[in-house]
Amino acid sequence: MSSVSASWLDEVKWDDKGLVTAIAQDAASGRVLMVAWMNRESLQLTADTGIAHYWSRSRRKLWKKGEESGHLQTVRELRLDCDGDVIVMQIEQIGGIACHTGRESCFYRRFENGGWTTVDAVLKDPRAIYHP
């Protein structure tokens, strides 16, 4: 998935903090697994390595998805939306867990009967993932 020239990065509409929204979608099922942020460096690293890299706004640092948990995201395809301000990545989620809560997806709550209902089970206790 290597990029030949970095000029393609100029087509992305970065926000005032130099970030763009990035959606990770399971390549096989189409399910949205997570939404995060990318800066130029993380998007370039993602294109060059084929492994999803993000920018952590809370930690203010580059973040290779799965660097602590082992739940890497292998990128199959990168797409830029019509406005140039959202990236969608078709990914293979190694280990089947994308969410830090130990679930397949960060979108595990569904709006039902006027409130949020948890509809996806925890696949692995986060304490076992991050503090074995």
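Cβ coordinates are placed from backbone N, Cα and C, and glycine is handled just like the others.
Owing to the predicted nature of the structure, the values given are computational and were not obtained by experimental measurement.
Its Cβ taken as reference, D85 (Mg(2+) binding site) is surrounded by 14 other Cβ atoms within 10 Å in the chains shown. Reduced to three states, the DSSP call for D85 (Mg(2+) binding site) is coil. The Mg(2+) binding site annotation in Swiss-Prot covers D81, D83, D85.
Swiss-Prot lists C82, C99, C106 with the feature Zn(2+) binding site, giving sequence analysis as the kind of evidence. Non-local contacts of C106 (Zn(2+) binding site) by the CB criterion (under 8 A, 6+ apart in sequence, same chain) comprise L33, M34, V35, A98, C99. In three-state terms derived from DSSP, C106 (Zn(2+) binding site) belongs to neither a helical nor a strand segment and is classed as coil.
Counting other C-beta atoms within 10 Å of each candidate's C-beta, the binding-site residues C82, C99 are led by C99. For D83 (Mg(2+) binding site), applying a Cβ distance below 8 Å and a minimum sequence separation of six or more within one chain yields K13.
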